[in-house]
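Annotated in TrEMBL:
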type	residues	note
COMPBIAS	1-26	compositional bias 'Polar residues'
REGION	1-43	region 'Disordered'
TRANSMEM	99-119	transmembrane segment
TRANSMEM	125-144	transmembrane segment
TRANSMEM	156-175	transmembrane segment
TRANSMEM	213-231	transmembrane segment
TRANSMEM	237-258	transmembrane segment
TRANSMEM	313-337	transmembrane segment
TRANSMEM	357-377	transmembrane segment
TRANSMEM	409-427	transmembrane segment
TRANSMEM	433-454	transmembrane segment
TRANSMEM	466-488	transmembrane segment
Amino acid sequence: MVSTKAETNSSPVSEINASIDISSPQKVAEKPATNGNATAQGLPGQVDAIQSSQYSQEHQKLRETGSTQTSIAMGEYNGAEYIVINEVPSPRANHGQKISLLPLVFLIFYEVSGGPFGVEDSVNAAGPLLALVGFLVFPFIWSVPEALITAEMGTMFPENGGYVVWVSSALGPYWGFQQGWMKWLSGVIDNALYPVLFLDYLKSGIPALGGGLPRMLAVLALTIILTYMNYRGVTIVGWVAVLLGIFSILPFVVMGFISIPKIKPKRWLVADVHNVDWNLYLNTLFWNLNYWDSISTLSGEVENPKKTLPKALFYALILVVLGYFFPLLTGTGATPLQRDLWTDGYFSDVAKIVGGVWLRWWIQGAAAISNMGMFVAEMSSDSFQLLGMAERGMLPEFFAKRSRYGTPLVGILFSASGVILLSWLSFQEIVAAENFLYCFGMILEFIAFVRLRIIAPASPRPYKIPVGTIGATLMCIPPTILICVVLFFSSLKVMIISLVAVAIGLVMQPCLKHIEKKRWLRFSTSSDLPDIHAATRDNNSLID
């Protein structure tokens, strides 16, 4: 359930119980203790003494533990702190309600999946056996490593910059900006799919939505309505995702029970390895099982992210894998195999064969609703990423402006504009371009993850993957190989367009720095954010 913040009372206890940056000693003296709107201005001597004592004890404890930090299983919490000693939220985080565990699980579900819609092409490309094996094995090659890295890095840097902050901390602000540019652009490109797919599911009942001016107006209206949901607040988006998720999953549960008498297990074993479209097969698996890291850009809006984020990733991982595997198991086992019919939207035909017309309409409605859920989840991540980059001084200050609902107003407008401009592209072009840019961003994340394990081994990690530096490096090898395979299969057209987009980012960052130097636009770094390079300096001082 969504937890509302309790009102703070102006008492000495609540005033002293303030957040303390343990990564930078000088900030204890520079920053007044705060707790929401309460201040400790009336007790400067007491606060300084208590803060100094707490800082000394915590910092000494950190130095003594060194690199022998205990590893823990995913979904658990080892009690380590990120910035603060107490559980008091920073003032910048006090914008509306926080996202709790259940909405966060479904936001991740929609960032990654949204249901089994779109997995049909895996059967078309490789047959039932390889499709089923792919959605069981591929998560261990790609989804599990990406989710684990997101859990560790997201709790190490629980702020809205997400993966941008990870890369900036490890490789510097230039590459952090490149990460932000590529991931934001790939997210907006991906989000342009969903209004189009939503209308594709409705055009059989409303033929006018198939093309022309009515379709353009429908895309625009749908984008405006869903964008408004994001504007009204991230907690609203979270609970909308829960309701939409239940509605999207439920018809497949019903179809599974109805299909039991019709299932013939031998149909699952059909395979023809000499007749496999590997390009379609791998791209289908990759597109349906990526974007686990997107939720990191909402870390600053999560209730107690140190505990909630790893748990949510763990539960969402189970939900996504089961949500793909069992519908495929039902569809391929209960119907005669016709590989050429297994294309996008074929589950609605399977539903008609298994349960009748009523189930088909339910599946089609669930598919349309799923695209709405994926849109609002993706836009939340994209817009809060821009806000996080502005708080780090990478973008002009106006990107950090929040609406009265606590949402990133300018980020939402920019993301929505990008969706409208890209919605004219075809489905295949959108997926290919999105995958290409996403792959480049993931390579930077893997490098940042391994590098931070090397240069800042003692930095507090509330969740830590139970492997050493060598294990962390080895864990990144299989998904990196997969990335290379996906890039290899990209068409020349998509490769050229994507490389041009990458080149724009390489030039854009120096241009923004020039604009900042000339003071044509205002840039600023939030004083409430920690020094992301402090952990590296502390580690170097320990070595010295």
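Placed from the backbone N, Cα and C atoms, the Cβ positions cover glycine too.
Since we're looking at a predicted model, the values are computed, not measured.
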In contact by Cβ distance (the transmembrane segment (433-454), the transmembrane segment (99-119); 3 or more pairs under 8 Å): no
Surrounding residues of the transmembrane segment (433-454) on its own chain - C-beta under 8 Å, 6+ positions past either end: 146, 149, 152-153, 156, 163, 166-167, 169-171, 175, 178-179, 182-183, 185-186, 189-190, 283, 286-287, 290-291, 293, 425, 469, 472-473, 476, 479-480, 483, 486-487, 490, 494-495, 497-498, 501-502
Cβ-based contact of the transmembrane segment (125-144) with the transmembrane segment (237-258), 3 or more pairs under 8 Å: no
Contact set, same chain, for the transmembrane segment (237-258): CB under 8 Å, 6 or more residues outside the stretch: 2, 99-100, 102-104, 106-107, 109-110, 114-116, 229-230, 323, 326-327, 330, 347, 350-351, 354-355, 359, 362-363, 365-367, 369-370, 372-373, 376-377, 380
Tertiary contacts of the transmembrane segment (313-337) (same chain, 6+ residues out, Cβ under 8 Å): 74-75, 101, 105-106, 108-109, 112-113, 115-116, 119-120, 122-123, 127-128, 131-132, 135-136, 139, 143-144, 147, 150-151, 249, 252, 255-256, 259, 262-265, 267-268, 270, 288-289, 292, 295, 346-347, 350, 353-354
Positions whose Cβ lies under 8 angstroms from the transmembrane segment (357-377), at least six residues beyond its ends: 106-107, 110-111, 114-115, 117, 191, 193-195, 197-198, 201-202, 204, 226, 229-230, 237, 240-241, 244-245, 247-252, 254-255, 258, 294, 345, 347-349, 351
